[in-house]
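Here's the structure, in structure tokens; my notes come after.
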């Protein structure tokens, strides 16, 4: 099963990254542009086509590599409906009635065709819900989660990062339960999200739009309900409260506050959690990181409490709910709105503290030598390259090479795609144990990646002036790189997924640092990416 999951992740990531430049170029002509003004905080028009990119990547990956299951099929159909209505909304601006109609239609497809519905409720584990109660309750929850994530999409990288944490946590729970259907639905979403977030983190070059945020919310709801169905697996439905986490609390808090003020619960305002954090003086990056931290804690609690009683799970969630609702009721944003961003850190800026020029450039210089050498030599380390991987590498090498010749302006995205895919293939192949392979090789590689991690942390801490600006995504990736290896061992076949994922994250961060700080060496990095792809293609037939 490791092969299909791996290819679905990489396939979705590559498709998303490949589609984004083309969609951005046509967004203005197709009127998929988010204009500044009103409650929006961005100063210039930005394309809102990211949801179409990672939605397409998810669909293609699931069609090619997911098992042919009625839940998967129904999820694809429901997701397509969500994307269509979301794209329609992004283009013309729909009222709430057509939006709800599309969401209900998508939810009905999943319930009717996939048989996805609540079978029991927290505290009532021995009682099976009758269909007349289960179906409307499931429809309500799916629509609620879809809208909750849509409303959370208020800062650059916020909805995408929250979704990445929730889907990652659910994927790990699904792995432990042996639920390959749920994993096959979530892994492509994770790949597409990772490809999208590189363009969406602050300052964003692209938005996911309503199509993307509703798509993520819808899949988050479907996967959580399936994962916590006691008739399919070991988890209680109470866990969904922690998995869905902050977006649900945020939406509930906003609506309660509006009702308390005798306003429509659907009226737009600036009362979301992220608005309140900005209001007390946090910068954009600090607000996003704070919300990431809370969501990561909730997802971690979902894992830690997975075998606890419903009373414990709901009690913990209730504590968080009370804290969030108290934030809304105290009117924090109004009292501190005069505080300007960064006022609480008057002696620092978005880039943080920097070292001198020599000290700040050394880590990236070492990365620019170590990473290409690893990739150049790494293609010869695996004892065997599978034919399907060889086909993908050879095909992508042609696309990258032809693209560099035909469209030089697209070089950054083409080279980045080649490095991401080629580097991932090399790490994946090296992680597979080969007969007679010396143990010292893997030890040496682990030490190498530990060294890369240290260099990356130094580079992020002492970046080169304004050429590399750390983002919430960078901090999130560093957090995951340190956290994942300490999870209880995850294996699919002979692959240790914890180690593989951590090494991929470290390599991706190294690529981003090199491409941003050493942009003048873009041609050299292009040669390295082509070398890796071409050699992997050739090695598949050796």
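Numbering starts at 1 and runs along the chain as displayed.
Backbone N, Cα and C define each Cβ position, glycine as well.
Sequence-distant neighbours of residue 150 (Mg(2+) binding site) (same chain, 6+ apart, CB under 8 A from its CB) are 159, 210, 213, 214, 217. The Mg(2+) binding site annotation in TrEMBL covers 150, 210.
Here TrEMBL flags 6-25 (among others) as transmembrane segment. Non-local neighbours of the transmembrane segment (6-25) in the same chain are 32, 47, 49-50, 52-54, 56-58, 60-62, 64-66, 184, 187-192, 194-196, 198-199, 205-206, 388, 392, 396, 410, 413, 416-417, 420-421, 424-425, 428; each lies 6+ residues outside the stretch with a CB under 8 Å from one of its CB atoms.
For 71-88 (among others), the entry in TrEMBL reads transmembrane segment.
Look at TrEMBL and you will find 127-145 (among others) tagged as transmembrane segment.
Per TrEMBL, transmembrane segment is recorded for 157-175 (among others).
If you look at the transmembrane segment (181-199), the same-chain residues 6 or more away from its ends with a CB under 8 A from one of its CBs are 4-5, 8-17, 20, 50, 53-55, 57-58, 61-62, 65-67, 69, 71-72, 75, 157, 160-161, 163-164, 167-168, 170-171, 174-175, 205-206, 208, 212, 216, 219, 222-223, 226-227, 473, 508, 512. What TrEMBL lists as transmembrane segment is 181-199 (among others).
Under the heading transmembrane segment, TrEMBL lists 211-228 (among others). Within the chain, the transmembrane segment (211-228) has long-range Cβ neighbours (under 8 A, six or more residues past its boundaries) at 48, 50-52, 54-55, 58, 71, 75, 78-79, 82-83, 85-87, 89-90, 103, 106-107, 110, 114, 116-118, 138, 141-142, 144-150, 152-153, 159-160, 163, 166-167, 170, 173-174, 177, 179, 181-182, 185-186, 189, 193, 196, 235-240, 243-244, 247.
According to TrEMBL, the transmembrane segment annotation covers 287-305 (among others).
Residues or ranges marked as transmembrane segment by TrEMBL: 311-337 (among others).
According to TrEMBL, the transmembrane segment annotation covers 389-406 (among others).
The transmembrane segment annotation in TrEMBL covers 442-460 (among others).
Positions annotated as transmembrane segment by TrEMBL: 495-515 (among others).
Here the transmembrane segment (522-541) has Cβ contacts under 8 Å with residues 372, 375-376, 378-380, 382, 385-387, 389-391, 393-394, 396-397, 400-401, 404, 411-412, 414-415, 418-419, 421-423, 425-426, 514-515 of the same chain, all six or more residues outside its ends. Per TrEMBL, transmembrane segment is recorded for 522-541 (among others).
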